[in-house]
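Take a look at the structure set out below.
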Amino acid sequence: MARKMLVDEEMNQTNQEEAHYDFDLFVIGAGSGGVRAARFSANYGAKVGICELPFHPISSEVIGGVGGTCVIRGCVPKKILVYGAAFGSELEDARNYGWELNEKLDFNWKKLLHKKTDEIIRLNGIYKRLLSNAGVKLFEGEGKIVGPNEVEVTQLDGTKLSYSAKHILIATGSRAHRPPIPGQELGITSDEALSLEDLPKHAVVLGGGYIAVEFASIWRGLGANVDLFFRKELPLRGFDDEMRAVVARNLERRGINLHPQTNLTELIKTDNGIKVTTDHGEELIADVVLFATGRLPNSKRLNLEAVGVELDNTGAVKVDEYSRTSIPSVWAVGDVTNRMNLTPVALMEGTCFAKTVFGKEPSKPDYSHVPCAVFSIPPLSVVGLSEEQAIEQANGDVLVFTSTFNPMKNTVSGRQEKTVMKLVVDAETDKVLGASMCGPDAPEIMQGIAVALQCGATKAQFDSTVGIHPSAAEEFVTMRSVSRRITCRGKPKTNL
Ligand code: NDP
């Protein structure tokens with residue numbers, strides 16, 4: 001309530017002082033969070049400016065582009081490459097369905113690359129139109145904060161523009177991080193991986209997270225030899241252990257060489273390619289080495305500390321639960337705050353920001369039941385708690401239901417790859433705490449399951465839901481027998 005009064009008070013001030021500022025809101029960064037916040041704020045009647053660097057469709061040197069990482073050098077181009085890569089195995093599978101593919105299948109990397117780039121250019125145009133249709137003024141240049149209500153935009157020709165704003169929103173995202181090993185400049189990050197001129201013949205990937213697993217799948221699917229190195233026993237730390245093992249098995253079966261508990265120690269340029277040395281003393285030659293070792297907040301070059309905006313030790317902008325920084329007129333959303341680094345989360349944070357500041361409706365982003373997907377081939381998708389998290393947080397029994405089956409499509413195609421599904425349930429309340437699936441269409445299926453979990457669905461309600469037959473998804477409503485019951489007594493009671 002106090003917070004509401006505070007926001008109302010500020011709104012009144014905004015109205016009184018409107019004339020003193022060039023903008024009600026100036027957004028630095030036109031990615032998912034920034035564009036959403038700008039548009040929604042403008043729809044509430046705010047006068048909004050936004051700045052972003054123009055992007056070069058081929059070069060990955062300039063970090064920028066309206067649409068941001070997701071559209072320009074993240075989710076969208078990656079997913080296009082995943083679709084492209086998945087056709088390889090689909091075409092193989094088609095043979096047992098009667099398709100005669102007599103001629104040697106040929107894959108044209110440059111064609112896929114151009115199609116991908118065309119789509120990015122199209123989406124970049126759509127995002128620009130979304131801004132102009134909402135009445136948001138776009139400035140193409142690099143922004144920085146020069147005071148609590150003052151921004152400066154440096155255009156590509158060096159011209160500097162200064163504007164005052166009642167509120168400033170930092171939405172500058174994150175950028176790929178390279179580990180400090182000798183020869184690291186010979187490797188690439190996902191930025192370059194999305195625009196490689198030639199498809200690698202032999203790729204080395206370092207990392208066990210989303211990007212590592214996804215690019216390993218893409219390149220392998222397109223025919224490259226791939227070696228995947230990661231520090232833990234299994235990839236995808238933080239996901240359900242059982243599902244991590246399923247992903248690892250699938251990657252291996254599809255021909256990716258996994259090197260668990262192994263790091264790279266040096267890269268050296270040779271006549272035959274890049275010589276990669278590992279901490280186990282192995283050496284191999286690759287034509288591409290991808291560092292997929294995480295991303296860091298894009299908070300440098302914004303002059304934040306000089307104006308008193310506090311950062312944490314990773315460089316992330318510190319914000320309260322309404323996305324407000326240590327300077328009351330400055331706010332931040334998306335990866336630059338390093339809360340939950342996913343596009344839909346940045347969209348949620350941008351929406352809540354606009355509601356709070358211009359919609360007279362203080363709104364906190366809700367991080368519960370955020371579903372996500374790793375677009376490996378086949379994909380993994382999850383929502384809610386993993387088995388390990390449920391055990392950690394529960395005080396009482398946790399029931400685990402699993403289903404491992406051969407998808408119907410594989411029975412004819414002959415592909416040896418099981419789909420695995422899992423539900424984690426609180427035995428006392430019967431509430432479904434978490435769901436996971438690794439198999440074709442997992443992300444498409446999981447979105448609906450996320451709605452059920454957000455509504456607090458119980459296992460009994462899952463069971464009373466009629467399935468869609470024949471589908472893989474129907475397994476989620478037919479898992480009758482408990483695979484295991486885990487007693488987690490003695491921990492403080494938490495409300496699951
Ligand atoms: P992640 O944080 O997911 O994974 C980073 C990986 O790099 C981990 O396996 C980590 O190992 C490893 N690593 C970190 N430092 C080193 C090092 N010095 N040497 C060796 N290995 C190292 O990062 P990504 O780069 O994959 O993705 C970045 C972000 O982008 C993620 O936060 C994700 O949210 C988002 N993203 C989401 C996607 C989606 O929704 N499908 C797709 C792609 C990205 P360890 O586990 O041992 O720490």
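Residue 1 is the first one shown; counting continues down the chain.
From the backbone N, Cα and C atoms, a Cβ is placed for every residue, glycine too.
Any TrEMBL annotation is an automated prediction that lacks curation.
Straight from TrEMBL, the features:
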{"type": "DISULFID", "residues": "CYS70-CYS75", "note": "disulfide bond"}
{"type": "BINDING", "residues": "LYS79, GLY143, THR172, GLY173, SER174, ASP335", "note": "FAD binding site"}
{"type": "BINDING", "residues": "GLY207, GLY208, GLY209, TYR210, ILE211, ALA212, VAL213, GLU214, GLY294", "note": "NAD(+) binding site"}
{"type": "DOMAIN", "residues": "370-479", "note": "domain 'Pyridine nucleotide-disulphide oxidoreductase dimerisation'"}
{"type": "ACT_SITE", "residues": "HIS469", "note": "active site, proton acceptor"}
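Sequence features annotated in TrEMBL and their locations in the structure.
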residue	record	Cβ contacts under 8 Å, 6 or more apart
CYS75	disulfide bond	THR69, THR343
LYS79	FAD binding site	PHE375
GLY143	FAD binding site	PHE26, ILE28, GLY29, CYS51, VAL151, GLU152, VAL153, THR154, LEU302
THR172	FAD binding site	ILE28, GLY29, GLY31, GLY34, PRO297, ASN298, SER299, LEU302, GLY334, VAL336
GLY173	FAD binding site	GLY29, GLY31, GLY33, GLY68, THR69, PRO297, ASN298, GLY334, ASP335, VAL336
GLY207	NAD(+) binding site	PHE229, PHE230, LEU290, PHE291, ALA292, THR293, GLY294
GLY209	NAD(+) binding site	PRO235, LEU236, ARG237, ALA292, THR293, GLY294
ILE211	NAD(+) binding site	SER190, ALA292
VAL213	NAD(+) binding site	LEU228, PRO235, LEU236, VAL247, LEU251, VAL374, SER376
Please report the Cα separation of SER174 (FAD binding site) and CYS70 (disulfide bond) in Å, rounded to an integer. 11
Rounded to the nearest Å, what's the C-alpha distance separating the residue listed as 'active site, proton acceptor' and CYS70 (disulfide bond)? Just drop the number here, would you? 35
Which binding-site residues, if any, among LYS79, THR172, SER174, ASP335 have a Cβ under 6 Å from ligand 1, given in order along the chain? none
Mind checking how the domain 'Pyridine nucleotide-disulphide oxidoreductase dimerisation' (370-479) divides into helix, strand and coil residues in DSSP? 36 helix, 34 strand, 40 coil
Neighbourhood of CYS70 (disulfide bond), C-beta criterion under 8 angstroms, separation at least six: GLY31, SER32, VAL76, THR343
Based on the record's binding annotation for NAD(+) (GLY207, GLY208, GLY209, TYR210, ILE211, ALA212, VAL213, GLU214, GLY294), what whole-number value in Å is the widest Cα to Cα distance? 13
Assigned element (helix, strand, coil) containing CYS75 (disulfide bond), judged by DSSP: helix
Which residues, in sequence order, are found in the same chain with Cβ within 8 Å of the centroid defined by the Cβ atoms of GLY207, GLY208, GLY209, TYR210, ILE211, ALA212, VAL213, GLU214, GLY294 at the NAD(+) site, excluding those residues themselves? VAL205, PHE215, PRO235, LEU236, ALA292
Specify the count of other C-beta atoms within 10 Å of the C-beta of GLY294 (NAD(+) binding site). 17
